[in-house]
Amino acid sequence: MQAKAPPPIAMLAELTHRCPLSCPYCSNPVEMAKLDSELDTETWTRVFQEAAALGVLQLHLSGGEPASRRDLVALVKSAREAGLYTNLITSAIGLSERRLNDLDEAGLDHIQLSLQGTDAVMADKVGGYRGGFDRKMKTVEWIKQIGFPLTLNFVLHRHNAHQLPRALELAQEMGARRIEVATVQFHGWALKNRDALMPTREQAQQVTQLVTEARKILKGQLVIDYVPADYHDDYPKRCMGGWGTTGLNVTPDGQVLPCHAAQSIPHLTFDRVQDKPLADIWYNSSAFNAYRGTGWMSDPCKSCERKTIDFGGCRCQAMAIVGDASATDPVCIKSPLHRALQDQANEHAANSDAPFFYRISPGKATEPAE
Amino acid sequence: MLAQEIPSLPRGVRIYFDSVRDKWVLLAPERAVTLDQVGHAILNEVDGHRCFGHITAILSEKYNAPKEQIAEDSSGFLDALRARRFLDVI
């Protein structure tokens, strides 16, 4: 028997899969939840209370675009009343000055703002939404006036990697305390867009070097969190801080996932907040227990000295590339597929003309399935 | 941290008692830092008005420990919070 799992620290609440943008790397699943199936205000309120009682401290309100929910202010209020630190992850589209003031009054703690590019041409092309960049910049002025703590999230790929220096400047101009430089991770829509988005090995190295230098220069002014390009790496990421140890994710229709891509593992089934208490799902559900600890591993992970450092990497990536969710993440140098993945990454990166496959917004349940 | 510097917790950073884990934590943007007894005692004296010298004097009296020792112990802790933008200093 394994020791009992610790309580989770963070919960990602995907309030909706609707979004005005259609970024080709969207982390939502390719099969999205329909509008009609979204949890209502009362259910989310109960889920927030259950999360706080379970030990969650940090709540990330995400989507899709969470501002697409008409009850966003009410949801923030109920999350704060439950005792959660409340973070809004947004593109800024759908946030008026008045709405931001209401969110301030409701007790919103922090805003994480996504950045698709550092100018309108790049940002609007990546987001597939004309005028989006200008609206974002206008919203930033209101965010500054109110004084919300701000993190900028720059999602980096082959098309915009050269804009990193300007993104660091923008973060400072916006008064952000932190910037997340997040190279696209290839799940969901991004997996379909590897030809268009994969950075070259040289780009990945340059970005790492730039981040290292900027961290020294900007110490104490701007905190830089960095997610490197993992197809080009030699060791995998400690995904989600370890499966079922740190965080959980609730989808718009109430399914509780160990990570946002977990639905790509076909043999897992997920309990819903409508059917079971969150604590029961966290501690007892088959999906959360599937890859907890190290008991599920086989070699090379099983005998590896890094097995409690990275827990064999990402289960969803093992599923997507190796076809076996309990295999070693193929990013790892010890995986038999490591070399093939690196070659594949270089091939993806060489497709300079590859078009974007933009994400498609979810429809209503009454519409015929595609 | 210098004796005349005044530390304060910026907006979005707050001390919180985590009743599930029975521990004090510092909640900050997308982060939660577990506070030990010393860390909690120091941050309890940070009010945005007192300078670092004043804070160490208070703690020295409260815990009956040499002021220099307190300053040495708490300076590193506060500097680390400052580097992560969890603490403003004027």
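Note that Cβ sites are derived from N, Cα and C of the backbone, with glycine treated the same way.
Not measured: the values here are computed from a predicted model.
These come from TrEMBL:
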BINDING   A:Cys19, A:Cys23, A:Cys26  [4Fe-4S] cluster binding site
DOMAIN    A:5-221  domain 'Radical SAM core'
Inside 8 A of the center formed by the CB atoms of A:Cys19, A:Cys23, A:Cys26, which other residues of the chain have their CB, for the recorded [4Fe-4S] cluster site?
-> A:Leu21, A:Ser22, A:Tyr25, A:Ser27, A:Asn28, A:Gly64, A:Gly127, A:Trp189, A:Arg359
Cβ distance under 8 Å to A:Cys19 ([4Fe-4S] cluster binding site), same chain, sequence separation 6 or more: which residues?
-> A:Cys26, A:Asn28, A:Gly63, A:Gly64, A:Glu65, A:Ser68, A:Ser91, A:Arg359, A:Ser361
How does the model score the domain 'Radical SAM core' (A:5-221) in terms of mean pLDDT?
-> 96
Reduce the DSSP letter at A:Cys26 ([4Fe-4S] cluster binding site) to three states and note it down.
-> coil
Same-chain residues six or more away whose CB lies under 8 A from the CB of A:Cys23 ([4Fe-4S] cluster binding site)?
-> A:Gln116, A:Val126, A:Gly127, A:Gly128, A:Val155, A:Trp189, A:Tyr358, A:Arg359
Secondary structure at A:Cys19 ([4Fe-4S] cluster binding site) (DSSP, helix/strand/coil)?
-> coil
